[in-house]
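Taking it in order: structure first as structure tokens, then the write-up.
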Amino acid sequence: MAPKRNRDDDFVLTLSDNEGEDLTNAVEEELPLDPSSNKKRKRSDDTASTKKSKKSKKKPEEEDVEEEGIWGIKDADDGAMDSDFEFALEADGTGGADLEEFEGWGFDGAKKGLNGGDKKAVDIDEIIARRREKKKASGKKGEADDEVMVDQDDAAASNEEQDAPEGIDFEDEDDEFMAEDGFGMGAGSAEESGAEEDSDAEDDEEGEDDDSDNDSVASPAPHPDDAASEASDEDEDMDDDPEEAAKREAFFAPEEKPVKGAKQELNTTFQSMSLSRPILRGLATVGFTQPTPIQSKTIPVALLGKDVVGGAVTGSGKTAAFVVPVLERLLYRPKKVPTSRVAILMPTRELAIQCHAVATKLASHTDIKFCLAVGGLSLKVQEAELRLRPDVIIATPGRFIDHMRNSPSFTVDTLEILVLDEADRMLEAGFADELNEILTTIPKSRQTMLFSATMSSSVDNLIRVGLNRPVRLLVDSQKSTAGTLVQEFIRLRPGREGKRMGYLLYLCANVYTDRVIVFFRQKKEAHRARIIFGLSGLKATELHGSMSQEQRIKSVEAFRDGKASFLLATDLASRGLDIKGVDTVINYEAPQSHDIYLHRVGRTARAGRSGRACTIAAEPDRKVVKAAVKASRTQGAKVVSRVIEASEADSWSEKVDEMADEIEEILKEEKEDKILAQAEMEVRKGQNFIDHEAEIKGRPKRTWFETEKEKLAAKKLGVEELNGVVGGKKKGKLSNKDKKKLDDKGERLEGRVWKKGRQERDGKGVLAKEKGKKKVKGGKPPGPGGKKPMRPMRTGGAKRK
């Protein structure tokens, strides 16, 4: 009987075998830590198994296997395990407790890789507190009075929220008093509203057919340019449709139309997808009881190894849609030799950290190992993890290429699955070079999956990724928002764009007082707003690319834990982030495109919850607002307008103007602190170089696939994708023609300048008298007969008088 036992052991690591006993034995063999007692334990196990086989006692063994949590493939056993699993889920209710525990940011994986230096970041709150202490010492109490006023406003706003049945229903009263124009934004004052009564009446006549809803629903604003833009958009769509349709038909795999309706019922639960028990237990711990539409469509297709192009609205569970099939496939991998098989690429560090947390929790009942490789974390820690050959690598493109070129223990030849989250952003110009470098290095025989809320339909972009007849899975209509999202727009009349910060402060102090993300287009605007919020007594944190990774983590943790009510962020936080309990998103100004707008407002109203997005829009933002309103009306989503009294916004704007000097002083003090910190770091760096000169010089030089010039060009393209072309003209040496244009422009700005006319050029007019005076005074003698000198007498360098 001993030889038969050895044969069974030989087949433990194969993919096709399915004996539950072999899997349990394989797990048990990895558990013992004492090598000396292994032989004795194996012998005792062998003798015990032979005795049991002789006495034909197999049922107790099967019961033990079931208790350990791994089932066989027998139909009766499978049904029993599934019923027990269903019962466990029902005991937990809807899984709400687990879901609440899961939704927080998981920074454990990121904190392990933080650089262990003693660098101290400059804290704006400390600078503001320091200045307030100085003012109190000198007898200035104006700032303290302002804080009391703001705190009273916050308390009043919070009381209103408690009286309301839900967090955002108390605002409906303002919605009823909205302006009737299409843009939905009432005039800031009585004079402005009276001046635009005629245009409002025309707008109402043009929109009678569309305004069938109640008064709380706003319609897009008619504009002289809107009709032309709509016509051009329709023409472009008509021209592109036949060609693009032909490309898609040839590129994508044909859609399989279900013959029977019973097939859709099979994927209404995770148990019907033939997932393994460890994966089902991981889904239970996270709190996922039923698959979302994108998950029910994607998981069965991805388990077959097909390439996938998936799209769904924000907050619909796209991360789990590709993580679950990846984990299921990895459960049946050969485990004898550790091998990295999956790479998941994200455009931002925060999104990669969040995906790492989700995947780690879903795989908590498996032996699958993960590695987080993003910028801002320690290279040494990541290299040590990659040396162990983790099964899944979750990374940003830049750090992935860095390890690919400079980490000797990291190889990409064994990758079998590539996932691109937020694929439309990864395919843009800013990431194009890095993505091409990765795609040309990893094996071509792989499974590729692309996911995004605004998935590109251009086949030309998708061809670059190397997809092989991908299956297109678009659950919701493209460029749509969540159905539970209410979109608000506040219109800034021409001439009031400078009061934008006043409107924002009014909203944050009186309307939306907690769990708010405010998006800005530039880092300097977000940082300046952070100072203004601090001086106004509003608790806020910031999140943008100029912060270190440690600062980013602390900032988001403070917002998540409720220590700060406002998160002032750039588009760095607009994609994929799932922060628990975000009630409101405010756009300080409309973004560059409608796609970015969809990702911004997708930070709220996630997973079926309600939320509200408010956009402060001026005339330059009309294009994006028009696209958002048009898409919302097509979808049937609620779009409302909010009217803020001009006096309220003006009072807050005046407070901001009074803070101007103090803001500049804080920025100056912050800059000085940064210079001091930089100097201290340079001193430590020099000391380390002296102490460890031989080791530092012995390190191999890190390489990159681009030159510095190419990196700057790629960075510039990425900025233009988000904020448009900034600056317009190229910097460099000016030509004489450009210099003359600048001189002429400067003269025109200085005032009215006299210019020669036709008479002056002919020697008549004003110049005739001047020439006569010059002849009397002397100088160059005139020609014969008092006529003008002959042309040959002039030299090439002489100037015309």
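Placed from the backbone N, Cα and C atoms, the Cβ positions cover glycine too.
Bear in mind that the values here come from a model prediction, so they are computed numbers and not experimental data.
The feature compositional bias 'Basic and acidic residues' is assigned by Swiss-Prot to 1-10 (among others).
Positions annotated as region 'Disordered' by Swiss-Prot: 1-79 (among others).
Under the heading compositional bias 'Acidic residues', Swiss-Prot lists 18-32 (among others).
Residues or ranges marked as region 'Disordered' in Swiss-Prot: 131-244 (among others).
Feature annotation from Swiss-Prot assigns compositional bias 'Acidic residues' to 144-179 (among others).
Residues or ranges marked as compositional bias 'Acidic residues' in Swiss-Prot: 193-214 (among others).
Summarising the annotation, Swiss-Prot assigns compositional bias 'Acidic residues' to 227-243 (among others).
Annotated motif 'Q motif' per Swiss-Prot: 268-296, in sequence order. Shown for the motif 'Q motif' (268-296): DSSP residue counts in helix, strand and coil, namely 17 helix, 0 strand, 12 coil.
Sequence annotations record features per position, and here Swiss-Prot assigns domain 'Helicase ATP-binding' to 299-473. Taken as a whole, the domain 'Helicase ATP-binding' (299-473) shows an average pLDDT of 92 in this prediction.
Under DSSP, Ser316 (ATP binding site) is assigned to coil, being neither helix nor strand in the three-state scheme. The Cβ of Ser316 (ATP binding site) lies under 8 Å from the Cβ of Thr292, Pro293, Ile294, Ala453, Val475, Asp476, Ala607, each of which sits 6+ residues away along the same chain. If you look up Swiss-Prot, you'll see Ala312, Val313, Thr314, Gly315, Ser316, Gly317, Lys318, Thr319 marked as ATP binding site.
The motif 'DEAD box' annotation in Swiss-Prot covers 421-424.
Summarising the annotation, Swiss-Prot assigns domain 'Helicase C-terminal' to 503-682 and lists sequence analysis as the type of evidence.
The region 'Disordered' annotation in Swiss-Prot covers 727-801 (among others).
Sequence annotations record features per position, and here Swiss-Prot assigns compositional bias 'Basic and acidic residues' to 735-770 (among others).
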Residues flanking the ATP site, with Cβ no more than 8 Å from the Cβ centroid of Ala312, Val313, Thr314, Gly315, Ser316, Gly317, Lys318, Thr319 and excluding those residues themselves: Thr292, Ile294, Ala321, Ala453, Arg606
Thr314, Thr319 as binding-site residues, winner by CB count within 10 A: Thr314
List of residues, in chain order, with Cβ under 8 A from that of Ala312 (ATP binding site) and at least 6 apart: Thr292, Pro293, Ile294, Lys318, Ala321, Ala453, Leu474, Val475, Asp476
Nonlocal neighbours by CB distance (under 8 Å) for Gly315 (ATP binding site), same chain, sequence gap 6 or more: Ala482, Asp578, Gly602, Ala605, Arg606, Ala607
